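**Q** Below are the structure tokens for one structure; questions will follow.
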Amino acid sequence: MTKPQLSYFKVRALGQFPRVLLSYLSIDYDNNYIDKIDENIIDDLKYGQLPLYTDSNGFKLVQSMAISKYIASQHDFVGKTPEEKALVDETLAAVNIDVFTFIIRVFRGVEEKEKIQEIIIPRFFAKWNQILGEKKYLAGGNSYTLADLYVYVAYEYIGYVLPFAADLLYNGKFPHLDSLKEHFESNKGVAEYLKNRPITERKI
């Protein structure tokens, strides 16, 4: 059987969510790094954008969050009850629409970096830290879900893209987020992915 393939640029950005997910779930996949969108791949891109996920059965899917939910749903990683699944969706939307978009806007100079400290950290990261302290898992229940993975990726990513944010977030300031980070990075598949993840000039 053909291995699943994830195609994305040689940067972290939106490709980080499904890459970390596939690694965490120990799915053997082809991590296909793309230099540019050309005629060899454009016909497979419904909206002209990467990432592109090609499953082992030939099914193709674009949009990072849709890809992640599709993979997670195949491996019982989206919550067990309707309430847990709704909380997973709620968290994914907050990460993808609010936090991640804002990080990129600050990185590109569209938003003032002070807003990271004034809005993003107290409204989102502090709240997630609080929930993790109260419930251990962001969607409740008794196991990790895609919600936890998404918050981990955002927590790791913001310090990479915006170094000033690392001083505001890390070093014990949010211990439950630190524990979440430790959980995912101690996973064998994730650790291997992080070890071999390419370093590029485009810090995004």
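Cβ coordinates come from backbone N, Cα and C, glycine included.
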**Q** Starting from the glutathione binding annotation in Swiss-Prot that includes Q49, L50, Q63, S64, which of Y8, Y24, Y137 is the extra site residue?
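**A** Looking at Y8, Y24, Y137, the one Swiss-Prot places in the glutathione site next to Q49, L50, Q63, S64 is Y8.
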**Q** Out of Q49, S64, which has the highest number of nearby Cβ atoms, where nearby means within 10 Å of its Cβ, if these are the binding-site residues?
**A** S64
**Q** Note the Cβ centroid of Y8, Q49, L50, Q63, S64, the recorded glutathione site, then list each other residue of that chain whose Cβ lies within 8 Å of it, in sequence.
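**A** What remains near the Cβ centre is L14, G15, P51, L52, V62, I67.
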**Q** I'd like the Cβ neighbour count for L50 (glutathione binding site), meaning other Cβ atoms within 10 Å of its Cβ, all protein chains included.
**A** 22
**Q** In sequence order, which residues at least six apart in the same chain have a CB under 8 Å from the CB of Y8 (glutathione binding site)?
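**A** L14, G15, R19, N32, Y33, I34, L50, P51, L52 - these are the non-local Cβ neighbours of Y8 (glutathione binding site), listed in sequence order.
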